[in-house]
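Here's the structure, in structure tokens; my notes come after.
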Amino acid sequence: MALGPQAASQQGRKGLALLGGQMRPPQGSPPAPPAPYQVGEAGRLDLAAVGPAAAVRDEVNAELALQGHGDRAGDAAGGLRLPRPAPDSTKRPWDRTGCVRCPSSRKRFASVPRFVEMLVVADESMARFHGAGLRPYLLTVLAAAARSFRHGSLGNAVELRVTRLLVLGPGTPGPPVTSNAAQMLRNFCRWQRDLNIPDEDSPLHFDTAILFTRQDLCGAATCDTLGMADVGTACDPERSCAIVEDDGLQSALTAAHELGHVFSMPHDDSQHCAELNGPAGSSRRVMAPVMSSVPPGEMWSPCSARFITDFLDNGHGHCLLDKPSEWLRLPTALPGAAYPVERQCQLAFGVDSRHCGDVQPPCAALWCSGRAGGRAVCQTKHFPWADGTPCGPGRACMSGQCVGIAAMEELNTPVDGAWGPWGPWGSCSRSCGGGVSFSHRSCARPAPRSGGRYCRGERSRFRSCNAEACPGSSPLAFREEQCAAYNHRPDVFKGLPAAGDWVPRYSGVPEKDRCKLTCQSRSLGYYHVLEPRVADGTPCSPEGTGVCVQGRCIPTGCDRVIGSKKRFDKCMVCGGDGSTCTKISGVFTKPRYGYNDVVTIPAGATHLLVRQGSPVGSGDAGDAGDSGDSIYLALRQPSGGSLLNGGYVLVPSESTVTLAGGVTLRYSGATAAAETLACRGPLREPLVLQALVVDERRPPRLKYSFFAPPRPAAAWEKQKAEILAILRNRRRRA
């Protein structure tokens, strides 16, 4: 099944890759603004499937997964690379089961340290170019990338740890080499998968892999690609990988950018980022589509910080919670101290390049010699001299400025961050029915600086508000309203049949997806994930008492208050003692061909459970698709209208029946070996349970039970007994 709004790679003005690649403007000219990057229109999502067997898909993440990303500094002509979009995959990394170290609920809405155990691979072209200096060069580049992930604007405590470093050569063959960036990424991802050890405690295990190459990488239209990675693949052993074309010390920014994609970050000019970044945009941040120098104050855009925070808070970085016992120590000295300006030119433009002095003031931009059109020229990639590069007696470069050594050392001294005060409580997400309000605090007293540690601990707190029930509506009506907002919206699914009315879909939705807005077309039957999150305060499911908060199901009491211990009793009375209802149970023993009324279930009944047929493996189930005794469950209204399996038409698979007042009933489907009906209730109107008999010669296996409020006569007898007891006690005292 293909995704709906696939964003196609496009070529804008010469040298600009508009999708999936980070690029540089032509050399020797001012940086050009990034061209717009096109994604699907807001709200247009993938059609998961048609019919009851459809699979739920996370459309926002699926759309982002189309973005491959390319990073490389341009050549002397200033061309920049454009990768083709990464192939679609229906398997997301968080769909995998068996998570051993998934984050607990206390880690959500909190800053906890994450450790990215990295396999770093350098191919043979890197070994030829750098020679004996390859290892220290790679560690210097990775130290700068790690430093960017410790920047306060990221909003998270993320540490890059190099646990393995491999240099490929004749004796250590690597993945097939190609100039096609997308194919190179696929080759490397397959190759690195076989090197990984699943045991996270093993020193050979890694969370992500990154390949450095001097190979000229090409996209669909030009050879301006600097690197590539799939989006949102952290902790997926098959796809948590990236490739980087070595282009000098600024390759650290390329590596940080590609790892940003692995953490689910889109480009800063994408539609996903427009509102988060504001009208000013973020054209000079790590995730900008056009590669350029990044101001030291704000390395990551608000959009990047939001996406990585949501990604981690939603449990997708579970493999990053363990701290490795061994890793390669990265250099703490600034790169300019190890690589003089002449060497920086050679790394960026080739071994014959030399620094062009007196073109600009020291540190502002690295100008280097080269040849263009058969003549000698000076060229630049619009990056400043590396931090720490000497620029005069007792002076060195820092963020493009020539400063005194003392000032540089002060700017380079790590400062750990500290939490500021809690902000005021925000507005309630609902006016009634149980909403949520938030309070936040920032790691800004002080903000971490120069590689200092980001704050640990709770950054957001929330509480219940407006918990009183909404007049005249059920708790489930809130989700129904959110689905109904998409009714008769032809713009949502262009080219597909109009869905008409949307209703919530509960059956077949995995537990982890309960807080996505999954809605089903009432008329056509297919269903979609219309929003990656329901509104805060939406009940997680018809059965439980939890509510959704920022896409996660948070336990509440039956009073809709987060943290409350109140529970429903068997009579569905909040905080009750179970004395207001009576258990009713029975069996069906006299089958006749056709529809047989079994029992009328009264209004107010709770915890209805009906079982029909033999358990799987009992040997009595008969043919496939047969319930075992040729009897099927059905429901009708007392007035005669069918609610389930009427007119001799069966619902074959698991489904949800919505009853009066929004009460939902789960049905196993007619093809289940043990056919079941279950409803927590309480019912708003009576139901008639029926047995559809197609072969009356076979004995039935139908059992039912529910809790019902006392009948009026029984209630009067109980009240009369209580009154008589009170009168007797008074006589004794008299």
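Glycine is treated like the rest: Cβ placed from N, Cα and C.
Automatic, uncurated: that is what TrEMBL annotation is.
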Further binder of Zn(2+) named by TrEMBL next to H257, H261, taken from the candidates H267, H272
H267
Going by TrEMBL, D207, C319, D322 bind Ca(2+) 1; tell me which of E117, E458, E468 is listed for that site too.
E117
If you check TrEMBL, which of C303, C397, C428 bonds to C363 via a disulphide?
C397
Of the residues C189, C218, C223, C273, which one does TrEMBL pair with C241 through a disulfide?
C189
Of the ranges 1-40, 601-640, the one TrEMBL annotates as region 'Disordered' is 1-40
Additional residues surrounding Ca(2+) 1, by Cβ distance to the E117, D207, C319, D322 centre under 8 Å
F115, V116, E200, H205, F206, C235, L320, L321, P324
Between the recorded positions D207, E258, D322, the one whose Cβ has the fewest other Cβ atoms within 10 Å is D322
Cα within 10 Å of E117 (Ca(2+) 2 binding site) is the criterion; apply it to the recorded positions D207, E258, C319 and give the hits in sequence order.
D207, C319
Would you kindly give the Cα-Cα distance separating E258 (active site) and C319 (Ca(2+) 1 binding site), rounded to the nearest Å?
19
